[in-house]
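Asks: The feature active site, nucleophile is assigned by Swiss-Prot to ASP52, with sequence analysis given as support. Positions annotated as substrate binding site by Swiss-Prot, on the basis of sequence analysis: TYR110.
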Amino acid sequence: MKRIALGVQYDGSVFCGWQSQPHGNTVQDELERALREFAQTPVQTIVAGRTDTGVHGLGQVVHFDTELDRADVSWVRGTNSFLPKTISVQWAKPMPDEFHARFSAFERTYYYVLYVHPVRSPMLAARAGWVHAALDVDAMQAAAAHLIGEHDFSAFRSSQCQSKTPVKHLYQIDVRQQGDFIHFRFRANAFLHHMVRNLMGCLVYIGRGRRPVEWMAEVLASRDREFAAPTFMPDGLYLAQVGYPEQFAVPAPQTGSVPWSTVWTEQAQT
């Protein structure tokens, strides 16, 4: 039995999230159907992070076990030939038995793309969040500083969250404006259900001046979801990258087809 890892990208706007559902309109259902067609045998996948309805995948990682012997490029091209245009396998790589797409991961990175303009753009529908009024980027960055570190993030946790603990370690939140867009980057060991969208809701409240910077610390300390802002829209949220130990040599996400994804790589080079 061989263990194969795949890098997967998808447009989350047309799916009811990642996880398999009875109606079948999920990314997992489509991917496993394509793998079954290509491999001519049922394939069960394990995913790094189960994204919600409307959330996109740039750097999603899955693994599965199979007895078939196929070249890496065959897994990519063969599976893609059975996938809809809204899902694409970017790479395939054999892995040792100890690799696990979910449990071997030590960090996840999400991007949120927010369009700031008086009028919404149909060209960005389901690709970016939208607010009509200017936001204070410096205030949002200052508020984000209150969240860095290991904390109980219950105030940013949905009622449907199945995580065993609300305690997560948030390593980084960056906020950067580029023209009419504000780009957010969130990096943590793991995230709770709706955590990034709930963080976004609070950051936007502060950016609008509806709450002071210090309010973010109060929300965190409250551990009360009702004390925080409403959950923000999923449209601009992307699972950007999953971090693994170097021993597994997991390929970096192929993000060149998404122009705004260079915001953070350009920042790293300056």
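Even glycines carry a Cβ here, placed using N, Cα and C.
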Asks: What residue among the recorded positions ASP52, TYR110 has the most other CB atoms lying within 10 A of its CB?
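Replies: Checking each of ASP52, TYR110, the winner is TYR110.
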Asks: Would you kindly give the Cα-Cα distance separating the residue listed as 'substrate binding site' and ASP52 (active site, nucleophile), rounded to the nearest Å?
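Replies: Here the two Cα atoms are 13 Å apart.
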Asks: Indicate whether the residue listed as 'substrate binding site' is helix, strand or coil by DSSP.
Replies: strand
